[in-house]
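> Pulled the feature table from Swiss-Prot, pasting it below:
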type     : residues                                                                                               : note
ACT_SITE : Cys168                                                                                                 : active site, acyl-thioester intermediate
BINDING  : Arg69, Gly70, Gly71, Gln72, Val73, Thr74, Tyr75, His76, Ser137, Leu138, Gly139, Gly150, Ile151, Ala152 : substrate binding site
DOMAIN   : 30-206                                                                                                 : domain 'BPL/LPL catalytic'
SITE     : Lys134                                                                                                 : site 'Lowers pKa of active site Cys'
Amino acid sequence: MNNIYQKDLGLQQYTKVFDDMLEFTSTRTPETNDEIWLVEHPAVFTQGKHGKPEHILNSHNIPIVATDRGGQVTYHGPGQAVIYFLLDIKRNKLGAKKLVTTVEQACINMLDKYYNLKAHIIDGAHGIYINNQKIASLGLRIKQGKSYHGIAINTNMDLTPFSYINPCGYSGLKMCQLANFYQEADIKKVQQQYTAEFVTLLNNSI
């Protein structure tokens, strides 16, 4: 497998990172190394490519950005660990379904290994749940065998804006975060822990 470079982008506007993902993906070559971007966003709602406006109940003046990822509307904000996967899935011998499974399983493994939390998936509702409350949302896009976008893990944040929407298109979906279980939850640690689990799974699948 080729090297995967990690980039810690810190706190960045969603639109800037989205544009950078598009630029990276459109200009990469078969020799371009894969990258994983670690980032935190100021408050923003993002709509998936099939997102329905009625799932935004009241934006409360939080910006809304249309994207080309899968899924419906979600919220990003400070204290949420976001990880983006800029991968050549053909080179890594991954299909779209296998990539989604790997992204989800890495989160389940991370929560179990480092926090002794038993997380699960729900058929037909992508994401990671603890006691049927959603702790992580994912949305990916694959273009010409290259992936971008990724997963957002609620870590230590204000969850209130999730009540302004139907998260991922589900009315009344309850959200949770790592800080509900560990008050000192830290997004930098979560990003590193998650990435380690993801890379391990990716290496084992090739």
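Yeah, the Cβs are placed from backbone N, Cα and C, and that goes for glycine too.
Keep in mind it's a predicted model, so treat the numbers as computed, not measured.
Thinking about packing and proximity, how do these listed features fit into the structure?
For Cys168 (active site, acyl-thioester intermediate), applying a Cβ distance below 8 Å and a minimum sequence separation of six or more within one chain yields Gly71, Gln72, Val73, Thr74, Ala125, His126, Gly127, Lys134, Ser137. Cys168 (active site, acyl-thioester intermediate) falls within a helix when secondary structure is assigned with DSSP.
Under a cutoff of 8 A between CB atoms, and with a sequence separation of 6+ in the same chain, the neighbours of Ile151 (substrate binding site) are Val82, Ile83, Val103, Cys107, Ala136, Ser137, Leu138, Tyr194.
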> Using DSSP with the three-state reduction, classify Val73 (substrate binding site) as helix, strand or coil.
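Assignment for Val73 (substrate binding site) reads coil.
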> Based on Cβ atoms within 10 Å, give me the single least packed residue among the recorded positions Arg69, Lys134.
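Counting other Cβ atoms within 10 Å of each of the recorded positions Arg69, Lys134, the minimum falls on Arg69.
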